[in-house]
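Colleague: I grabbed these lines from Swiss-Prot:
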- 69: active site, nucleophile (ACT_SITE)
- 26, 27, 47, 48: NAD(+) binding site (BINDING)
- 206, 207, 208, 209, 210, 211: NADP(+) binding site (BINDING)
- 26-174: region 'Glutamyl-tRNA reductase' (REGION)
- 367-507: region 'Precorrin-2 dehydrogenase /sirohydrochlorin ferrochelatase' (REGION)
- 117: site 'Important for activity' (SITE)
C-alpha cells in the first residue's frame, strides 16, 4: 500500500493507529514440565497487575494473558513491537532471574502464526485433552479480564471474539471420537484402566468445576465420595449428588480413612503436605493432583505404597483417532482467519477516507433488517418463559405462530384458548419445520435446540437459537415503539441480554415521556 499518492501525514498517522502487529509467547505442557509451568501460573490479581505493566510499555496497544493449568500465553498488539520479546517480559514480571534458559521454553509467534495458534488453542487442538470444553471459557475469561483492565484494544478484541466464535462453531458442528472433555474426566478415565474404584473411599479436595466433575465420574464408577467445602462469602455452594461433605479444615481427619485423594483447588498453598502423610499409620494409596500451582507436595511419592499423579501423567494423544475431525476444524479456523483479515482490510481502507463515520474500527457482524412477518409461518419450539416472550413479540408483527412443546405456560395456554396460536403437544420432530418462514428454538434442552438448528440450516430457513448465539442466523431483538417508531435492539455479538433489555426499557420510558 503506497502512501505518497495521498500526500497526507494525517493518513499515515491513522494507518499507524490501525495497522498493528501481533506477537505472542507461549509456554505449555509440550515445552515445559509442570514444575516450570507453575512458575508462570498466576492468580487473577497477578494477571491484572502484569497486564497493566505490559500495557504501559512503549508501542503496546493491547495485551491479553491466557493462563490455564497447561499453558501460559501472552498476546500483545502494537506498533513497532517486532523486536519486543514477550517471553522476556513474562520472565522479568514473574521475578525469574534465569532468563536465558527459561526463554528457550517459550514459542514466539508473529502476526499470522500467532493468530492461527490462538484459533487452534480456542478450538482445543493445542490442549492436553484434545477438543476439551473448558478452554473456550478460559479464552473468553482471559479477554474479559483484559477488557476490565482496559488493556485489550480493538485488534485483540476482534481476534479473541472471532476465536471464541470459531471454537463454538467447531464444538457444535464437529463430533469427535472417544475424547474426554476435561482434565478431570481424562484423569479418572485413565486411572480406571489400572484401578477399580468400586466401593473405594475417595476424598476430593476442592468443590470447583474440576472437583465436581471428578465426583460425578467416580460416583458412576461406584466409589464412596467425600468432598471438602470452604466457607464462601459469596455465591451458591453446589454439592454433587451422592457425595458426603466435610469442611476443608477437617480434611486431615479423613485422610487415614481414604483410599484415594484427589485435589483440585486454586489455593496458592499445598492442600496435602509431606508432614500430613508422614504421621499417618494408614496412608491413602493414590494421590491425584489436578491443580496448577500444584496442591500436593511432590515428596509424598517417596512413601512406600503411595502413588502420586499430576497433570503431566495423563497426556494421551487422541488426534490419531480424529484426523478427519481435526481437518474439518482447521477449515473452520481458516474461515474465521479470513474474517479477521477482512476486518483488518476494512480498517486499512477506512484510514484513507475523509468520511469520519468510517474511522470507527468496529465491523458489525449483523445487519438489522426489518422484514414483513404478516401471515408468515413461524415455528416456535418450546413452551417456557422464553418461548412465551418470543410468541408475544411475534404476534404483534402478524406472524402465524406454530408452537411445539410438551407443556405450555399459562400465558401460552391462554393464547391457545383464544386461537392466537397453533399448537402441537409433544417434542420437536424434523417434520415440524416444513414450510416455515422462520424458526425459533427456545427449549431448555441443548440437544433439541441443536437439532432445530441443523434442520433449519439444511433447509435454508432463518433461525434463532436461544441458548447458542453461534447457531443463530439472526438475533431475536428487544422491541420498543413510540410515536410511530418501531425499533429492535441487539448487541453486536448477540450476548449481553441484560444491557439490551435495560437500554430498551430506557428508550420506552423516553417514548412515554414524550407522549
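Using N, Cα and C of the backbone, Cβ positions are placed for all residues, glycine too.
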Colleague: Other than 206, 207, 208, 209, 210, 211, which residues of the chain come within 8 Å of the NADP(+) site, judged by Cβ distance to the Cβ centroid of those residues?
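Modeller: Filtered neighbour residues, in order: 204, 212, 213, 214, 264, 265.
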Colleague: Pairwise over 26, 27, 47, 48, annotated as binding NAD(+), what's the top Cα to Cα distance to the nearest Å?
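Modeller: Greatest Cα separation within the listed binding residues comes to 19 Å.
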Colleague: For the region 'Glutamyl-tRNA reductase' (26-174), provide the mean pLDDT of the predicted model.
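Modeller: Across the region 'Glutamyl-tRNA reductase' (26-174), the average pLDDT comes out at 89.
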Colleague: Sorry to bug you, but what's the C-alpha spacing from the residue listed as 'active site, nucleophile' to residue 48 (NAD(+) binding site), rounded to the closest Å?
Modeller: 18
Colleague: Cα distance, residue 26 (NAD(+) binding site) to residue 117 (site 'Important for activity'), nearest Å?
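Modeller: Just about 10 Å between their Cα atoms.
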Colleague: For residue 47 (NAD(+) binding site), just count the other CB atoms lying within 10 A of its CB, please.
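Modeller: There are 20 such Cβ atoms around residue 47 (NAD(+) binding site).
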Colleague: Reduced to three states, what secondary structure does DSSP give residue 210 (NADP(+) binding site)?
Modeller: helix
Colleague: Cα-Cα, whole number of Å: residue 210 (NADP(+) binding site) versus residue 69 (active site, nucleophile)?
Modeller: 11
Colleague: How many Å separate the Cα atoms of residue 206 (NADP(+) binding site) and residue 27 (NAD(+) binding site)?
Modeller: 26
Colleague: Which residues does residue 26 (NAD(+) binding site) neighbour through Cβ under 8 Å, counting only same-chain ones at least six apart?
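Modeller: Result: 71, 72, 73, 106, 107, 109, 117.
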Colleague: DSSP three-state call for residue 117 (site 'Important for activity'): helix, strand or coil?
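Modeller: Residue 117 (site 'Important for activity') sits in a helix per DSSP.
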Colleague: Nearest by CA distance to residue 209 (NADP(+) binding site): which of the recorded positions is it, out of 27, 47, 69?
Modeller: 69
Colleague: Measuring Cα to Cα, tell me the gap between residue 47 (NAD(+) binding site) and the residue listed as 'active site, nucleophile' in whole angstrom.
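Modeller: Computed Cα spacing between residue 47 (NAD(+) binding site) and the residue listed as 'active site, nucleophile' is 14 Å.
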Colleague: Please count the residues of the region 'Precorrin-2 dehydrogenase /sirohydrochlorin ferrochelatase' (367-507) that DSSP assigns to helix (H, G, I), strand (E, B) and coil.
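Modeller: Computed counts for the region 'Precorrin-2 dehydrogenase /sirohydrochlorin ferrochelatase' (367-507) are 51 helix, 33 strand, 57 coil.
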Colleague: By DSSP assignment, list the helix, strand and coil residue numbers for the region 'Glutamyl-tRNA reductase' (26-174), in that order.
Modeller: 78 helix, 23 strand, 48 coil
